[in-house]
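> When I checked Swiss-Prot for this same protein, it listed these features:
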type     : residues : note
LIPID    : S1       : O-palmitoleoyl serine
DISULFID : C92-C107 : disulfide bond
CARBOHYD : N93      : N-linked glycosylation site
CARBOHYD : N123     : N-linked glycosylation site
Amino acid sequence: SGSCTVKTCWMRLPTFRTVGDFLKDRFDGASRVIYGNKGSNRASRVELHHLEPENPAHKPPSPVDLVYFEKSPNFCTYSGKTGTVGTAGRSCNSSSPALDGCELLCCGRGYRTRMQRVTERCNCTF
């Protein structure tokens with residue numbers, strides 16, 4: 001009359017929100033780097049190439065930092081080269097602090113406010 005006990009350890013991923021918040025935090029702190037060359041010492045060939053901060057006053061990135069080589073294109077203006085259409089002429093929400101808000105969407109150029117009355121038919125019964 002023996003018994004068998006099975007123990008199972010489960011590893012769970014964090015919630016999508018937790019992962020998103022973590023990545024957003026890293027993205028906001030990302031730094032531009034250049035591909036550095038330490039020299040041609042054969043003994044240190046493994047460390048021959050490394051990432052250096054573009055600005056020498058900044059500290060080198062750690063293995064968990066997000067880095068980038070090229071600046072993002074200016075999405076505020078039209079560019080046939082990068083395929084960005086710009087934001088001029090788009091509708092925005094003047095009271096929203098989100099992505100559809102005028103402050104962000106208009107890229108600091110200012111905006112014109114327009115009042116519009118919309119009449120729609122509804123099948124309302126009273």
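In case you wondered, yes, glycine gets a Cβ from its N, Cα and C as well.
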> In sequence order, which same-chain residues at least six apart have a C-beta under 8 angstroms from C107 (disulfide bond)?
C76, T77, T87
> In this structure, which of the glycosylation sites N93, N123 has the fewest other Cβ atoms within 10 Å of its Cβ?
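Among the glycosylation sites N93, N123, the sparsest Cβ neighbourhood within 10 Å belongs to N123.
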> Using a 10 Å radius around its CB, how many other CB atoms surround C92 (disulfide bond)?
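For C92 (disulfide bond), the 10 Å Cβ neighbour count is 16.
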> Rounded to the nearest Å, what's the C-alpha distance separating N93 (N-linked glycosylation site) and N123 (N-linked glycosylation site)? Just drop the number here, would you?
29
> State the Cα to Cα distance, in Å, between N123 (N-linked glycosylation site) and C92 (disulfide bond), rounded to an integer.
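Answer for this pair: 30 Å between alpha carbons.
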